[in-house]
Amino acid sequence: MSTGPLPAEGHDAPGGVSRPHGTGLRELLAIRPFRNLFAAGTLSSFGDWLALLATTALAAELAAGGVGEYLAVSGVFILRIAPAVVLGPLAGVVADRLDRRHTMIVGDLLRFALFVSIPLVGTLWWMYVAILVIECVSLFWNPAKDATVPNLVPPERLELANQLGLVGSYGTAPLAAVAFSVLSLLSAPLRSVIPGLDPEGVFLAIYVNGLTFVVSAWIVSRLTFPRPTASETLDGHSILRTVTDGLLVVKERPFVRGLIAGMMGAFAAGGLVIGLATRFVKDMGAGAPGYGMLFVAVFTGMALGIVAGPRVLAGLSRPRIFGAALTGAGVILLVLALVPTLLLALPLATVLGAVIGIAWVIGYTLIGLTVEDELRGRTFALVQSLDSVALVLVLAVAPLLAAAFDAMLSLPRTLTLGPLDLTYTGAMAAYLLAGLGMCAAGLAAWRTMNDRPGVSLLAELRDVRRRRRAR
């Protein structure tokens, strides 16, 4: 599905789309196809976050308390993640071979129908079935969107486009939380007007969430996407062969392999911090408020890293920044583990989120720039699939690992350093092990992807500073 080289600045893009001059945000959003795709992606992300809040609340409501409530809520998270492990490569093939516009429109409409069916049926088992199918559909929708972005913007704007995409994906989470709270409050007075709403307001949130996908489908329907070539037909043999070929391409390209491994590490690091955060802050005597503050710190840092990081680090080698960011994440985890105080943990968690955000946006940008269009969809799908595997493993293994450290090392133990009483538990030991692993992953990524051998990072920083002063 290769569309050939991107046109020069100021010339027409494929499909006659004019590319305005400049590389800023205003110029990027002036590219109408990208602006519409960004709007559709942001709206779908908002719907995903709202759906997560609504379905976990509904699972707890339908399970009616006790141990079953915890299992029901856990089931929602497992079903949202598990499909990526199995269907990720296949989703990438479909994104590469089918008309991406049709894939996204059909995917949005299917998600609308499935979400609306959840309150209409009103049973836990059907909600699980619907969530499973919805996540399978999303696996085809997301690579189709991600693989289209490099075709709509010139290379010099791709990093900014990916920054915007990640802001749209994660920046809508607090908005969805506010919307969920407002809809819950509105549900009670609306029950007399709209039949079938539940007292908790979950059904109303699910209905509104479904409508976001209808609007997204309408936006996508107005876009013109590059068409698959005639040779890209879809049959069982070609799917299997294409998946195999895609994995072989990644295997044979050390640069791409280093990117994917590093992005998995960054995703796992963030997941580990959040996965053990409740125990971590409890061990520091902070409780639920401390957990909320730590959660906000990580995601605030991610937002700062995604938005400001590449701009602040402009002029430096992106592959080298990627490796350095991963190593930095490992160092921060080590400090978190060795000095477990909430006063220090909050700023460190913010910095950790920032370096993870930098690594993530740079990784996405480098994949878009280095992988051919006909392979790009399956590569993004592979990244999403492997990230999901990493997250499942982290969420499953981290609590067991922390408990094992407690037993083997006879934790907790308290160390007094002047006015500080530092209590070490299994959670801190797990952070320490993860920090060592992240440092190793970052150094491996640096060695694999270093495009300026023989030049130290400090020398590169001095050179960039000198060039900036000369302007």
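Just so it is clear, glycine is given a Cβ too, placed from its N, Cα and C backbone atoms.
Here is what TrEMBL records for this protein:
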type	residues	note
REGION	1-20	region 'Disordered'
TRANSMEM	70-95	transmembrane segment
TRANSMEM	164-190	transmembrane segment
TRANSMEM	202-220	transmembrane segment
TRANSMEM	258-278	transmembrane segment
TRANSMEM	290-309	transmembrane segment
TRANSMEM	321-339	transmembrane segment
TRANSMEM	345-367	transmembrane segment
TRANSMEM	379-402	transmembrane segment
TRANSMEM	422-446	transmembrane segment
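The transmembrane segment (422-446) and the transmembrane segment (202-220) are not in contact, since fewer than 3 Cβ pairs between them lie under 8 Å (pairs 6 or more apart in sequence). Most Cβ pairs under 8 Å with the transmembrane segment (290-309) belong to 345-367, among the candidate stretches 202-220, 258-278, 321-339, 345-367. A Cβ distance under 8 Å defines the sequence-distant neighbours of the transmembrane segment (202-220), meaning residues of its chain 6+ beyond its ends; these are 36-37, 39-40, 43-44, 46-47, 50-51, 53-55, 57-58, 61, 101, 104-105, 108-109, 111-113, 115-116, 118-119, 179-180, 183-184, 186-187, 190, 194, 196.
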